[in-house]
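Peer 1: Next up is a structure, given as structure tokens.
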Amino acid sequence: MAPPRWHHDRRRMAIFVRVGLYTLLFLMGYVVPLIIFYNRSRADTFEDTPRSGEAFISDENFFHCIAERLSYKEQHPARIPYVLIPVTMDYQDIKQLFCNITVPMTYIMFINNGMFRPLRSLLDRLAVDLRDYVDQNLFIIHHPENIAYASAVNEGLRHALNFSVAKVPWVFITNADVRFAPGLIDEFVSQANEKTQGQLERIRRLDQEIIAEARTLRNVPNRRFAFRSSQHPIITASSLPYRIRTMPPEEMKKQFADTYGIFYTDHKDFMATFALSRLAIATVGFFDENYYPAYGEDHDYVWRMAALGYQKYFSEPGKFVHFENANLNVGGSARNRGIFKNTAYFLQSVKFGRMNYQPFRLQYRRAKWFPDGVTIYQDTGRNPLPFNGTIPLDMWVLDTDRRRSIWEIGENIRCHRDYKPYSMKLLDFPVDPS
């Protein structure tokens, strides 16, 4: 017997109700927030608030602090020769930083990574207010596409290398989310100046050795160890000779054991704020840009320095503060008052969070330093040389396809599962025997 008509009507009505509820949920949970975020992102809602316990610093006071730091003569004995600071969403932090450091600075380089419009506006207004310093002592570069931390530092280092060793004997590289106790930076500058004396002559001797290599090196077992490049995808240091590149790890560690290469404002190996000597940059090379978008490039650089035997300078404990993961936690206090109050921070931090997926970073780190290790802690199971010594210590080979895949994940163009791991085939590049 056919079911009653009212039974069919109830089933149809239930289907309509479910479809309607699903549609409503979709609109409320996806479309409406998108519209709100779109409208608010156009307005770029933003609150310029200091961290808890810190005094508010206005934009005008920040401009004054920068001008005061740059107003001293470059021969000032207590100066920081070159300040390199990559920034992304560090609006109030950069103001606190430059008003917290009171020593003279000869050159300041801001490299702005990302599309955080409030910060772009601040730096644009800084350039207008300090127009007499721009491209003389003050340099500002914008990368709305976000070239990542390692690439930003490398761009700043290349710029710093345009100055003589006498003018820039070391480069001061810092995050914005750091603070210093009175007297810390003064002592740091004094120690860095003292411990980098005499490096110019050593760089000169190494460069002469490399020039001679071009005439004397023939039929070497692995020509990659005689290869040099300053262009992507293969980057090498300028002044590490073949003789040192091919040494066994035990012998290599002795080469710079009498030399300070890195200086920390912290009392331990922590690269939130540090300085590199010109000799270290010339021999260790540039930061590995395969660590993308951030984190891991610092350990990699320290391990390469350790392989060459460089000494480290540490500051006294208790005088340095770092607010860790500031880019991931930025705007936390405002988020507590409602996420829609902080759209400018939120959209940028979400994109960074998608890109900064831990398995992406650990895959390359393991391949380079821990191919046989069960763990990938700093001092457990790490090989003494990158890629087990198959390429020179100072060399890295950029995998542009891998970087592109991570960027597309950040832009929500690609899913995490479609990530492209680092291609080890890139290390086996051909070298022209001529």
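Residue numbers in this text run from 1 along the chain shown.
Each Cβ is built from the backbone N, Cα and C atoms, and glycine gets one as well.
This is the feature table in Swiss-Prot:
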type: TOPO_DOM; residues: 1-18; note: topological domain 'Cytoplasmic'
type: TRANSMEM; residues: 19-38; note: transmembrane segment
type: CARBOHYD; residues: Asn39; note: N-linked glycosylation site
type: TOPO_DOM; residues: 39-434; note: topological domain 'Lumenal'
type: CARBOHYD; residues: Asn100; note: N-linked glycosylation site
type: CARBOHYD; residues: Asn162; note: N-linked glycosylation site
type: CARBOHYD; residues: Asn388; note: N-linked glycosylation site
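Surface or core, plus neighbours and distances: that's what I need for these features.
Peer 2: In the shown protein chains, 17 other C-beta atoms lie within 10 A of the C-beta of Asn100 (N-linked glycosylation site).
For Asn162 (N-linked glycosylation site), no same-chain residue that is 6 or more apart in sequence has a Cβ closer than 8 Å to its Cβ.
Sequence-distant contacts of Asn388 (N-linked glycosylation site), defined by Cβ-Cβ distance under 8 angstroms and a gap of at least six in the same chain, are Pro371.
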